[in-house]
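These notes are about the structure you will find just below.
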């Protein structure tokens, strides 16, 4: 019981430190990127470089994910509270969202097509090289 409590506190402390560091970066680098996103990037870098082990944050992260719906209730209430303002500004909000979605889909589509062709080309090139090596061996 005490060990599980220690693991939970440790994971929440690590997640809180990442959030704090992200907010610190957002304060000193005014790029418009929120501190929570910077914190997620720091957490991602820590996990990929294995500075932070997954089992260190697993318990706290799973607890937060379990109650994620409850954490989004204030956002939903804010949307309902200011729905008249959102309806007034629908053109300003809707057009950029549609354009950015279309641009994202196009970029992902072209990138996926390009990467698929590169993989296919690499496979074909390896087959040609192997065939030429076999022809050289047979000629000798």
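Yeah, the Cβs are placed from backbone N, Cα and C, and that goes for glycine too.
Long-range Cβ contacts of the transmembrane segment (1-21) within its own chain (Cβ-Cβ under 8 Å, at least 6 residues beyond either end) map to 35-36, 38-40, 42-43, 46, 52, 56-61, 63-64. Annotation source Swiss-Prot lists transmembrane segment at 1-21 (among others), citing sequence analysis.
The annotation transmembrane segment is assigned in Swiss-Prot to 33-52 (among others).
Within its own chain, the transmembrane segment (60-80) is flanked in space by residues 8, 10-12, 14-15, 86, which lie at least six positions past its ends and keep a Cβ under 8 Å from the stretch. Residues or ranges marked as transmembrane segment in Swiss-Prot: 60-80 (among others).
Long-range contacts of the transmembrane segment (92-112) within the same chain: residues 86, each at least 6 residues beyond the stretch ends and with a Cβ under 8 Å from a Cβ of the stretch. For 92-112 (among others), the entry in Swiss-Prot reads transmembrane segment, with the evidence type sequence analysis.
Here the transmembrane segment (33-52) has Cβ contacts under 8 Å with residues 14-15, 18-27 of the same chain, all six or more residues outside its ends.
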